[in-house]
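Below: one structure, written as structure tokens.
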Amino acid sequence: MDTLCITGGRVLHPDGRVREGDVVVDREAGTILGVGADEAIAKHAADASETLDATGGLVIPGLVNAHTHVSMTLLRGYADDKPLDAWLREDVWPAEAELTDDDIEVGAELGVLEMIRSGTTTFADMYFATDRVADVVDRAGVRARLGHGVVTVGKSEEEAIADVEESLAVAADLDGAADGRVRTAFMPHSLTTVAEAYLREGIERAAAEGVPVHLHANETREEVDPILGERGERPLAYADDLGALGEGNFLAHCVHVDDAEIELLAETGTAAVHCPASNMKLASGMAPVQRLREAGVTVALGTDGAASNNDLDLFDEMRDAAMVGKLAADDASAVPAEAVVEMATAGGADALDLPGGRIAEGEAADLAVVDLDAPHLTPVHDPVSHLAYAVRGSDVRHTVCGGRVLMRDREVLTLDADAVQARAAEAADDLVSRV
Ligand SMILES: N[C@@H](CCSC[C@H]1O[C@@H](n2cnc3c(=O)[nH]cnc32)[C@H](O)[C@@H]1O)C(=O)O
Ligand SMILES: [Zn+2]
């Protein structure tokens with residue numbers, strides 16, 4: 001059998017425990033054959049076609065970045081220190097109006113490169129030129145749920161309809177691309193940037209095709225108040241009425257949600273993607289992560305775009321989520337280390353309804369090996385604590401997705417890192433000069 005064996009390290013199991021052992025992967029199926037230290041595993045390890053050394057390291061599920069705009073890497077550091085509305089209208093949207101499809105592809109390459117180098121194997125992306133992002137996912141070997149973001153405010157009826165149609169068409173056409181590693185969703189930007197008629201029709205048609213829905217929701221007070229004022233109902237009651245809540249659907253942010261809205265998410269099986277760095281940087285607010293989890297809502301983590309973060313390192317998100325979660329709950333025991341690790345792994349895979357997120361027999365072989373042999377990670381009282389509070393993306397030694405090694409000893413094998421960086425820097429300079 002064609003196997004990959006990750007040997008000599010410790011393994012993070014789905015129950016949150018860490019044990020010494022090897023992970024054996026069926027490279028053809030892309031799934032995990034076995035985990036542990038018994039004789040059968042040892043025999044597999046001896047016969048492996050390919051081996052990754054995890055000595056002194058910790059094998060974890062590949063991380064899941066459940067909300068980003070990956071090509072926004074080109075706008076990293078372009079506009080900082082503004083609230084969401086002004087940031088979008090004054091800086092981001094004018095720059096995005098100048099983006100070419102080639103720019104989007106180059107930005108996606110840069111973002112995916114950064115994610116592979118920090119142990120992320122799976123992401124959800126809302127942007128445009130989605131076919132170009134899908135090409136990058138294909139080449140780079142990662143997994144993604146992709147969609148075309150719809151905005152109708154400020155557009156003619158014709159343009160608005162075209163945007164909705166594009167999002168539905170992209171969801172139908174790209175689903176299953178990259179040998180099934182690309183899945184799709186219908187992605188209206190938010191409840192305030194897409195007019196009701198378009199939301200209603202688009203969501204209904206997506207649901208009829210079994211296509212999931214992803215949007216920004218309850219991110220800022222400025223977004224909640226108009227809905228409350230004009231409709232006399234909370235945004236998630238409106239979202240429910242539109243059919244946007246349900247199993248397989250996932251909402252970014254959920255910062256300003258009240259108890260009834262949390263209950264709605266839980267009842268309908270809608271997942272929330274917490275983006276703590278973006279929420280802090282744009283001063284959007286603090287999401288009630290502890291309360292969401294206690295209510296039984298699936299909570300995942302997202303970086304949001306690199307222009308509001310400003311990186312795509314999920315280890316930062318884990319740390320930020322734990323820190324701001326405690327502050328928001330006024331309770332140091334809220335959002336503990338094991339919770340953020342779960343959110344970045346199994347929670348993300350569940351929210352996106354994609355394989356991965358758990359190291360166990362039969363699961364997708366999406367893995368990262370974290371090197372624990374570093375001054376900032378010494379001593380190791382509790383590896384899970386380190387994952388949440390001390391590990392950085394640059395501590396990731398190897399990254400594997402679907403049984404394929406994407407990074408070995410910090411060398412990315414599927415993308416030419418130097419060329420990607422050079423192309424992206426040039427494209428970003430060009431872009432800014434056109435704005
Ligand atoms: N087809 C749309 C594009 C929507 S893509 C998704 C959009 O979300 C924007 N975005 C990035 N981060 C955030 C955020 O935190 N909240 C809301 N929007 C964001 C991003 O810049 C991009 O314009 C159009 O023609 O404008
Ligand atoms: Zn976003």
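Positions of Cβ are set from backbone N, Cα and C atoms, glycine also.
Automatic prediction, not curation, is the source of TrEMBL annotations.
Annotated in TrEMBL:
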type	residues	note
BINDING	H67, H69, H216, D304	Zn(2+) binding site
BINDING	E96, H189, E219, D304	substrate binding site
DOMAIN	58-405	domain 'Amidohydrolase-related'
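Of all the binding-site residues listed here (E96, E219, D304), the one with the fewest other CB atoms within 10 A of its own CB is E96.
Using a 10 angstroms CA-CA radius around H189 (substrate binding site), the binding-site residues that qualify from H67, H69, H216, D304 are H216.
Around H216 (Zn(2+) binding site), taking its Cβ as the centre, 25 other Cβ atoms fall within 10 Å, counting all chains. By the rule that a residue counts when its Cβ sits under 6 Å from some atom of ligand 1, the binding-site residues H67, H189, D304 yield H189, D304.
Among the binding-site residues E96, H189, E219, D304, the residues whose Cβ lies under 6 Å from any atom of ligand 2 are, in sequence order, D304. According to DSSP, H189 (substrate binding site) is assigned to coil rather than to any helix or strand. The two recorded residues D304 (Zn(2+) binding site) and E96 (substrate binding site) have their Cα atoms spaced 16 Å from each other.
The number of other CB atoms found within 10 A of the CB of H69 (Zn(2+) binding site), across every protein chain shown, is 26. Each residue in the domain 'Amidohydrolase-related' (58-405) has a pLDDT score, and their mean in this model is 98. With respect to Cβ neighbours within 10 Å, the binding-site residues H67, H189 differ, and H189 shows the lowest count. The residues near the Zn(2+) site, meaning same-chain residues not in H67, H69, H216, D304 whose C-beta sits within 8 angstroms of the mean position of the site's C-beta atoms, are T68, M126, A252, H253, V273, C275, S278, G302, G305, in sequence order. H67 (Zn(2+) binding site) carries a strand DSSP state (E or B). H67 (Zn(2+) binding site) sits 18 Å from E96 (substrate binding site), taking the C-alpha atoms as the reference points. For the pair formed by E219 (substrate binding site) and H69 (Zn(2+) binding site), distance between Cα atoms is given as 16 Å, rounded to the nearest Å.
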